Amino acid sequence: MAELPCAEPLPRCSGRFTISTLLGAEEAAGCEGTQLSGSSLCTRTFGYNTVDVVPAYEHYANSRGVGEAGRGRPSLADLHSILKPDPGHLRVPLPDPQCSNGLPDAEEGSGEPSSAPAAEPVRFGWVKGVMIRCMLNIWGVILYLRLPWITAQAGIALTWLIILMSVTVTTITGLSISAISTNGKVKSGGTYFLISRSLGPELGGSIGLIFAFANAVAVAMHTVGFAETVRDLLQAQILFFLVILVSFINYLVGTVIPASAEKQAKGFFSYRADIFAQNFVPDWRGPEGSFFGLFSIFFPSATGILAGANISGDLKDPALAIPKGTLMAIFWTTVSYLVLSATIGACVLRDASGSLNDSVAVGSPGCEGLGCSYGWNFTDCAQRQSCRYGLSNYYQSMSMVSGFGPLITAGIFGATLSSALACLVSAPKVFQCLCKDQLYPLIGFFGKGYGKNSEPIRGYMLTYAIAIGFILIAELNAIAPIISNFFLCSYALINFSCFHASITNSPGWRPSFRYYSKWAALFGATISVVIMFLLTWWAALIALGIVIFLLGYVLYKKPDVNWGSSMQASSYNLALSYSVGLSEVDEHIKNYRPQCLVLTGPPNFRPALVDFVGTFTKNLSLMICGNVLIGPSKQKVLEARQASDGHTRWLLKRKIKAFYTNVLAEDLRSGVQMLLQAAGLGKMRPNIVTLGYKRDWQAAAPQSLEDYVGILHDAFDFKHGVCLLRLREGLNVSRVPQAHINPAFGAAEHPDGNGAGSRAAPSTGIADPEQQASTIFQSQQGKKTIDIYWLFDDGGLTLLIPYLLGRKKRWGKCKVRVFVGGQINRMDEERKAIVSLLSKFRLGFHEVHILPDINQQPRPEHIRRFDELIAPFRLNDGFKDEAAVNELRHGCPWKISDEEVHRHRAKSLRQVRLNEILLDYSRDAALIAITLPIGRKERCPSSLYMAWLETLSQDLRPPVILIRGNQENVLTFYCQ
């Protein structure tokens with residue numbers, strides 16, 4: 001488009017596009033009245049007037065599905081199609097990329113504009129929000145009370161190994177958290193949000209629930225405190241952090257202060273090389289004196305790395321804060337553990353009596369042990385294992401070593417209370433996000449947030465109640481192992497999330513944190529599960545059982561959420577891999593599966609046809625519902641796109657495992673030809689065309705009759721089998737308003753099979769036969785019969801489909817009867833031959849009937865009825881030659897010449913006689929399956945062929961399925 005002159009100068013930049021800044025008066029007039037999708041504008045982007053817009057943050061914020069147009073971006077139709085005038089069209093201005101920083105003015109998805117600006121929520125950086133929280137949650141009573149004892153048991157060397165092994169798991173998990181948290185914007189919900197958005201709602205929901213519960217009980221494991229906001233809790237935790245740091249400094253100062261006689265009696269001698277050497281090797285004691293026994297005691301003290309991630313919604317920049325804060329917290333706490341273990345192991349003996357009377361002169365006889373060289377004789381208590389002091393016996397060794405003991409006590413209180421507060425914040429935040437996602441019933445009440453930070457006050461109260469309850473129970477030792485295993489389940493799934501997202505090679509997996517390894521993440525997931533069983537095997541089984549139960553519930557409920565999880569990417573990868581691999585496998589009769597292209601039109605129009613095919617293809621083979629949209633492509637393109645999702649949802653709601661596809665065509669037959677050639681993928685392509693019987697063929701337009709029969713010919717030309725289903729009540733329920741009509745369409749007009757519109761009739765409140773017929777294949781069939789008339793050998797398809805139906809529960813009580821034609825003087829021999837053949841096929845069909853009267857003359861009244869049926873379609877040419885007949889039939893190829901009536905007389909009478917037999921033998925059957933007669937192409941007029949089908953299947957109450965294979969074997973009795 002040519003650039004238009006500006007009518008007035010551009011106003012000063014205010015941070016947003018306006019109509020006047022983008023267009024002059026004439027340009028605005030030029031764009032005024034154009035109808036655009038979304039909020040697109042005619043903008044002066046590159047010096048000329050265009051509908052295109054420049055890249056902006058708003059176009060990608062809150063995007064959901066693939067192909068969904070971003071907010072403010074013009075749709076493809078806006079750019080590609082002719083703009084329609086719409087004077088009332090509202091156009092929303094977009095941010096000016098030259099006058100703004102590219103960020104939104106408010107949080108996306110805020111909804112309605114408010115008159116007053118919303119209060120700015122409290123946000124924390126990586127130090128306060130993540131590092132300090134994680135360090136306080138990792139530090140605990142084990143640091144002060146158990147690490148010296150572990151050093152005495154395992155020695156400094158193995159203690160360091162225990163620490164480094166534990167830190168390896170937490171570091172790998174920290175790297176996985178960093179990768180996941182930098183792969184897109186992280187919102188509130190912490191661990192649950194990370195796992196659920198990565199692995200999907202099934203695993204995410206189960207872990208979210210138990211993780212919130214574990215944090216709530218962990219409050220009781222430490223102590224109980226309550227504050228109203230995260231800000232108050234953070235302030236309290238900073239105080240605790242300072243107390244712990246002071247206690248550390250106090251301890252380190254105490255190690256260099258010369259030991260008093262009282263401290264020497266308790267085993268402290270300041271730094272000594274020989275004490276370090278003695279404590280460097282292990283000295284196992286008691287029932288817990290083993291490497292993995294001590295590992296199980298220490299490992300819970302290395303956990304707590306998720307404390308920062310769990311308040312992800314309260315961080316200024318979660319993508320920066322979570323990786324940096326978590327890894328720094330792991331580093332500094334690891335250093336503190338290693339330093340404490342080495343320093344106390346170099347200062348304190350394993351055994352000491354604490355009695356000042358045990359001082360002796362250096363080198364006194366009878367004195368054994370390292371204390372003798374320092375003038376103390378601890379031999380007696382060491383031999384009798386009655387020493388009260390020393391690393392192996394006194395849990396308060398750190399307090400004894402420190403410069404001022406009460407500061408260590410304060411550090412213990414600080415570590416305990418800080419861990420409790422971290423869990424008190426984590427549990428409600430995670431639980432709130434889980435409640436908002438509505439994966440589980442009866443928990444939505446706790447999802448409500450209050451204040452500018454959307455504080456989960458109700459969640460705080462619930463956590464407080466759970467904590468108080470478990471404190472009153474006072475049996476925390478029994479549940480503590482289960483809680484530890486819940487945390488380890490979270491670690492395992494976080495690592496597996498990182499591994500799974502990496503291994504699927506999804507283009508959406510683009511974490512900005514690059515220092516991770518998918519194989520390290522897999523190792524972290526595996527080792528987390530192993531550690532669960534090393535800690536407490538019975539608790540690991542309970543934890544896994546709860547996870548599996550919650551997982552099964554979500555799998556059963558199938559929540560309507562779409563988070564773009566790696567499970568979806570994995571499903572695609574597996575499907576693609578197996579589909580490509582299947583193309584390399586040669587077909588074999590033993591692996592034949594009836595893969596059906598079902599010409600349903602809109603599937604909700606012919607529910608009985610969909611149900612019938614879905615019954616024998618479910619969990620077995622491919623089913624594609626095909627719909628031909630007839631009419632001008634410009635009008636039908638939008639309809640096709642909108643209808644596709646609605647029809648797919650209808651199939652899912654009806655529990656039909658099938659695909660839906662539609663094509664645009666000028667007429668029905670050409671559309672079906674497209675489907676025959678293009679439907680499917682690789683070896684997963686239809687080999688059977690299934691369609692409904694055309695009931696109105698006598699009154700329909702002659703060309704539609706020609707097209708219908710032509711579709712059958714096309715199916716055979718493409719080497720497909722054909723199944724044709726006829727119900728007495730008919731298949732098309734599009735004119736009946738009932739639950740089978742897709743709610744996405746309502747009572748609007750729908751195109752029928754020929755592309756014409758049809759409007760739903762008003763409901764009368766009376767059960768219509770068509771309504772009843774639409775559910776005929778969803779009910780139990782009872783103890784009826786499935787009658788198979790295997791009149792001609794089509795390769796075995798006429799037998800296979802009833803066999804597959806009989807394997808389903810709804811048809812399981814039906815008895816299968818097989819009818820074949822024969823001669824009256826050879827009935828026994830022919831029956832034995834068919835029974836022998838069926839037994840080799842292993843179909844379980846034992847009841848075989850020979851029809852010796854199949855070639856008898858039909859009743860005269862039935863013959864007359866057939867003649868009356870074809871009379872409107874006859875040329876009555878008086879047996880003229882072929883050239884004259886063709887001239888008479890010009891423009892109406894469905895007409896039947898006298899010579900054709902005479903030539904096909906025997907076949908016509910055969911259909912009349914077969915109908916009599918069906919009425920005699922199968923009047924009360926659940927289903928009649930009969931071999932479909934074939935009319936030779938260009939030799940049998942379509943009207944005559946339809947008269948055969950009409951005569952064969954008329955007046956029958958049971959459903960009739962006419963089947964014809966492609967004359968290639970689908971059954972075999974060989975094993976190779």
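Just so you know, glycine gets a Cβ as well, placed from its N, Cα and C.
Feature list (source: TrEMBL):
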- 39-92: domain 'Amino acid permease N-terminal' (DOMAIN)
- 94-118: region 'Disordered' (REGION)
- 130-150: transmembrane segment (TRANSMEM)
- 156-182: transmembrane segment (TRANSMEM)
- 203-227: transmembrane segment (TRANSMEM)
- 233-253: transmembrane segment (TRANSMEM)
- 235-597: domain 'Amino acid permease/ SLC12A' (DOMAIN)
- 291-309: transmembrane segment (TRANSMEM)
- 329-349: transmembrane segment (TRANSMEM)
- 404-427: transmembrane segment (TRANSMEM)
- 457-474: transmembrane segment (TRANSMEM)
- 486-503: transmembrane segment (TRANSMEM)
- 523-556: transmembrane segment (TRANSMEM)
- 606-739: domain 'SLC12A transporter C-terminal' (DOMAIN)
- 744-769: region 'Disordered' (REGION)
- 771-975: domain 'SLC12A transporter C-terminal' (DOMAIN)
| said: Ranking 233-253, 329-349, 457-474, 523-556 by the number of C-beta pairs under 8 Å to the transmembrane segment (156-182), which range is first? | reply: 329-349
| query | the transmembrane segment (291-309) vs the transmembrane segment (523-556): three or more C-beta pairs under 8 Å (separation of 6 or more)? | reply | yes
| remark: If one takes Cβ-Cβ under 8 Å and requires six or more residues beyond its ends, the residues near the transmembrane segment (233-253) are 124, 128-129, 132-133, 135-136, 139, 225, 227, 336, 339-340, 343, 398, 401-404, 407-408, 410-411, 413-415, 417-418, 421-422, 424-425
| request: Could you give the residue numbers and ranges of same-chain residues that sit at least 6 residues beyond the transmembrane segment (486-503) on either side and whose C-beta is under 8 angstroms from one of its C-beta atoms? | output: 169-170, 172-173, 175-177, 179-180, 183, 191, 194-195, 198-199, 203, 207, 210-211, 213-214, 300, 303, 306, 509, 516, 518-519, 521-526, 528-529, 531-532, 535, 543-544, 547, 566-567, 569-570
| query | In the predicted model, what is the mean pLDDT computed over the domain 'Amino acid permease N-terminal' (39-92)? | reply | 56
| request: Just give the helix, strand and coil counts over the domain 'SLC12A transporter C-terminal' (606-739), going by DSSP. | output: 59 helix, 28 strand, 47 coil
